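Structure first, then comments.
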Amino acid sequence: MLDISLIMLSAGESSRFNAPVKKQFLRLGEQPLWLYATKNLSSFYPFKQIVVTSGNISYMKKFAPEYKFVQGGATRAQSLLNALSMVESEYVLVSDVARVLISKNLFNNIIENHDKADCITPVLKVSDTTIYAQEAIDRDKIKLIQTPQLSRTSMLKKALEQSSNFTDDSTAIQAIGGKIWYVQGDELAKKITFKEDLKSLNLPKPSWDIFNGNGFDVHEFGEQRALLLGGVKVHENMGLKAHSDGDVLAHALIDALLGAAGLGDIGELFPDNDMQYKNADSMLLLQNAYTLVQNYGFELVNADITIIAQTPKMKEFKEAIAFNIAKTLKTTPNKINIKATTTEHLGFVGRKEGIAVLTSVNLKYFDWMKL
């Protein structure tokens, strides 16, 4: 049996996908796409190691602690080099997680030809007339390169150490004089690059699971500046002490969103000892936090927010706060509920020393079927 490790590339920014969610975090059933693709390919062979490149190791490790994770680089080649530093096997199979339907027949065809060259590469032929710079070119000379590709580990490392400008393994190895062997590819191994590509593949729909998160924050009165709640000015000079602008409602809501998505807390995302957040606009922080939540495959179902304050009175501001939060999160105000209460003069809130906010949000998986 061949000594092979598997590398799955999953650190891309999905810039061409043009959707709120990064494609590797689209949910297929309950699994993120990267995990679905990795489990599919890893089921074909007892790989020595399974290494996944990642932009957020701590988050992805929660899904599959048995895998090895490595930080992605600025380019595909740099990510691959990082992953290769963890590989000890004679051969390495490299694939993109965006190719989710790789078949066992394709895999077997690659493995069976392992001794033919330094890199075994699946390709598709071009059937349509092909034009380059207004000139027709011989389509029989064109090959569409796919993954997975099987390489001798030492050869691939050597190739990428000499140049990191290549977008696939075979061209990197060929550039240093290595031999390439092409095998017939598979239409099902199509890479998801644009959102339209999803519609051509028979993939499981995202599950209907709901994820709840809670947030709580409290700030003390004491700054001679406006009191902001949900980005709405509630009082001219009853400002709250804070590293940022003191919007305690926005802070609690950020924590609830991050909690529901399993992405940590506000202190990790926006540290209060980081000067870039000094006097920061908390609604901008909220917007950035929700963008992150969307990137990881979630969208808002609803938010329920309780403002706990003895003073000032909140009744006349609740609607404006709900509308402003909805605008920031690019949703409709019916999904944002604002409540206000006092502590009946008990505790620090009752003594009018500060304001507390309790939030609860529900998230669901982004429905990529509607793209």
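One is the number of the first residue shown, and numbering goes on along the chain from there.
From the backbone N, Cα and C atoms, a Cβ is placed for every residue, glycine too.
What Swiss-Prot says about this one:
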type	residues	note
SITE	R16	site 'Transition state stabilizer'
SITE	K23	site 'Transition state stabilizer'
SITE	R139	site 'Positions MEP for the nucleophilic attack'
SITE	K191	site 'Positions MEP for the nucleophilic attack'
REGION	211-371	region '2-C-methyl-D-erythritol 2,4-cyclodiphosphate synthase'
BINDING	D217, H219, H251	divalent metal cation binding site
BINDING	217-219, 243-244, 265-267, 270-274, 341-344, F348, R351	4-CDP-2-C-methyl-D-erythritol 2-phosphate binding site
SITE	H243	site 'Transition state stabilizer'
SITE	T342	site 'Transition state stabilizer'
Confidence summary (mean pLDDT) of the region '2-C-methyl-D-erythritol 2,4-cyclodiphosphate synthase' (211-371): 97
Most crowded position, judged by CB atoms within 10 A, among K23, R139 as recorded sites: K23
Neighbour count (Cβ, 10 Å) for H219 (divalent metal cation binding site): 21
Binding-site residues (D217, D274), the one with most neighbouring Cβ atoms at 10 Å: D217
Cβ contacts of K191 (site 'Positions MEP for the nucleophilic attack') (under 8 Å, same chain, 6 or more positions away): D96, A98, R99, Q146, T147, D197
Spatial separation of I266 (4-CDP-2-C-methyl-D-erythritol 2-phosphate binding site) from T342 (site 'Transition state stabilizer') - C-alpha basis, Å: 25
Alpha-carbon spacing, D274 (4-CDP-2-C-methyl-D-erythritol 2-phosphate binding site) to H251 (divalent metal cation binding site), which is rounded to whole Å: 16
By Cα-Cα distance, the member of binding-site residues H219, I266, P271, R351 nearest K23 (site 'Transition state stabilizer'): I266
Spatially closest candidate among R16, H243, I266, P271, the listed recorded positions, to D217 (divalent metal cation binding site) (Cα to Cα): I266
Spatially closest candidate among R16, R139, H219, H251, the listed recorded positions, to P271 (4-CDP-2-C-methyl-D-erythritol 2-phosphate binding site) (Cα to Cα): H251
Listed in sequence order, residues with CB under 8 A of R351 (4-CDP-2-C-methyl-D-erythritol 2-phosphate binding site) and six or more positions away: Q310, H345
Among R16, R139, H243, I266, T343, which are recorded as recorded positions, the nearest neighbour of H219 (divalent metal cation binding site) by Cα: H243
Divalent metal cation site shell beyond D217, H219, H251, criterion: Cβ within 8 Å of Cβ centroid: V218, L240, A242, G246, D247, V248, L249, A250, A252, A356, V357
